[in-house]
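*Asks:* According to TrEMBL:
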type	residues	note
BINDING	R7, R8, D9, Y10, K65, Y122, R126, S130, R190, L191, H192	substrate binding site
BINDING	R60, I61, V62, L63, L64, K65, F75, T76, K82, Q104, Q139, S140, W184, R194	FMN binding site
DOMAIN	33-157	domain 'Pyridoxamine 5'-phosphate oxidase N-terminal'
DOMAIN	171-211	domain 'Pyridoxine 5'-phosphate oxidase dimerisation C-terminal'
Amino acid sequence: MKLDSIRRDYKKAALTKKEAAPDPIHFFSQWMNEALALELPDATSMALTTVGEDGFPQSRIVLLKDFGNEGFTFFTNYHSEKGRAIAQNPKVSLHFFWAELERQIRITGMAEKTGEEVSEQYFHSRPLDSQIAAAVSAQSTEVPSRAYLEEKFAEMKNRLDGADPKRPEHWGGYWVHPLKFEFWQGRANRLHDRLVYEKQAENWIIKRLAP
Ligand SMILES: Cc1cc2nc3c(=O)[nH]c(=O)nc-3n(C[C@H](O)[C@H](O)[C@H](O)COP(=O)(O)O)c2cc1C
């Protein structure tokens with residue numbers, strides 16, 4: 001397999017300080033809307049990077065479920081590897097890549113558990129089978145087999161007989177409070193556009209970076 005000859009030019013759009021919204025959350029919302037309008041698969045997926053106790057970073061995809069002044073919200077198991085990493089180091093990054101738009105956004109910020117009511121509301125808004133799967137999965141722990149998971153799932157589903165399971169206390173949301181954003185737009189000849197927003201006091205300072 002030869003990978004070194006695979007290349008494409010990026011020339012769909014440009015990014016100037018003038019067109020960038022002064023508020024990065026607003027600008028994020030514009031770019032997210034454009035990704036959603038194209039009906040890209042998993043447009044709301046993002047790589048969440050945490051730093052574990054061993055000092056190694058770990059990334060995995062999670063789904064963005066909300067964003068705004070509270071921060072960027074995703075849901076997971078607090079006992080998972082990412083949950084354990086965040087408990088000892090709340091510094092995280094979020095990374096979106098929309099290949100069709102030739103765009104990426106990087107966000108660095110501080111993760112904090114959402115209020116219980118946010119977790120409760122979202123947990124029970126999910127399809128019943130997803131709620132059961134979350135309730136029976138001790139995420140990121142070793143399991144003896146696939147059959148073991150399926151038995152636990154079937155047993156709970158049977159027992160509940162159509163009712164919602166109780167949300168496990170260790171399942172819930174995080175808000176990522178952003179401190180820095182980078183908006184990247186691919187350009188011709190690899191001379192890409194990069195705009196960084198950094199929070200200084202209550203203001204966002206915008207800088208252009210070399211590609
Ligand atoms: C498209 C996609 C969406 C996902 N969404 C979530 C999510 O919202 N929450 C979650 O906990 N895991 C989600 N996952 C699974 C995670 O990538 C990961 O496997 C899991 O959370 C365990 O990660 P950890 O062991 O690093 O904690 C998703 C995976 C993919 C590919």
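Cβ from N, Cα, C; glycine included.
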*Asks:* How long is the line from the C-alpha of V62 (FMN binding site) to the C-alpha of R126 (substrate binding site), rounded to the nearest angstrom?
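*Replies:* Cα-Cα, rounded: 15 Å.
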*Asks:* Return the single residue from the binding-site residues list (R7, K65, R126, H192) that has the minimum number of other CB atoms within 10 Å.
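*Replies:* Least crowded of the binding-site residues R7, K65, R126, H192, by Cβ count within 10 Å, is R7.
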*Asks:* Hey, what's the Cβ neighbour count for R190 (substrate binding site) at 10 Å?
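*Replies:* Summing over all protein chains shown, R190 (substrate binding site) has 10 other Cβ atoms within 10 Å.
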*Asks:* Which of the binding-site residues R7, R190, H192 has its Cα nearest to the Cα of F75 (FMN binding site)?
*Replies:* H192
*Asks:* According to DSSP, which kind of secondary structure is R190 (substrate binding site) found in, if we only use helix, strand and coil?
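*Replies:* The residue in question, R190 (substrate binding site), is helix (DSSP, three-state).
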*Asks:* Can you check which residues sit near R60 (FMN binding site), meaning Cβ under 8 Å from its Cβ, same chain, 6 or more apart in sequence, and list them in order?
*Replies:* A47, L48, K82
*Asks:* Who sits close to D9 (substrate binding site): which same-chain residues at least 6 apart have their Cβ under 8 Å from its Cβ?
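*Replies:* Set apart from D9 (substrate binding site) by at least 6 residues yet with Cβ under 8 Å, we have A188, N189.
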*Asks:* To the nearest whole angstrom, what is the C-alpha distance linking L64 (FMN binding site) and R126 (substrate binding site)?
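*Replies:* Rounded to a whole number, the Cα-Cα distance is 14 Å.
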*Asks:* Hey, which bits of the same chain come close to the domain 'Pyridoxine 5'-phosphate oxidase dimerisation C-terminal' (171-211), Cβ under 8 Å, at least six residues off its ends?
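*Replies:* Answer is 9-17, 20, 22-25, 27-28, 31, 65, 70-78, 86, 92, 94, 102-114, 116, 118-119, 122-123, 134-135.
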*Asks:* Could you state the whole-number distance in Å separating the C-alpha atoms of H192 (substrate binding site) and Q139 (FMN binding site)?
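*Replies:* Counting only the Cα atoms, the answer is 39 Å.
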*Asks:* Counting by DSSP secondary structure, give me helix, strand and coil numbers for the domain 'Pyridoxamine 5'-phosphate oxidase N-terminal' (33-157).
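*Replies:* Residue counts for the domain 'Pyridoxamine 5'-phosphate oxidase N-terminal' (33-157) by secondary structure: 47 helix, 43 strand, 35 coil.
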*Asks:* Could you list the residues of the same chain, at least six apart in sequence, whose Cβ is under 8 A from the Cβ of Q139 (FMN binding site)?
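*Replies:* Non-local contacts for Q139 (FMN binding site): T76, N77, H79, S80.
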*Asks:* Please list the binding-site residues from R60, K82, R190 whose Cβ falls under 6 Å of any atom in ligand 1.
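*Replies:* Correct list: R60, K82.
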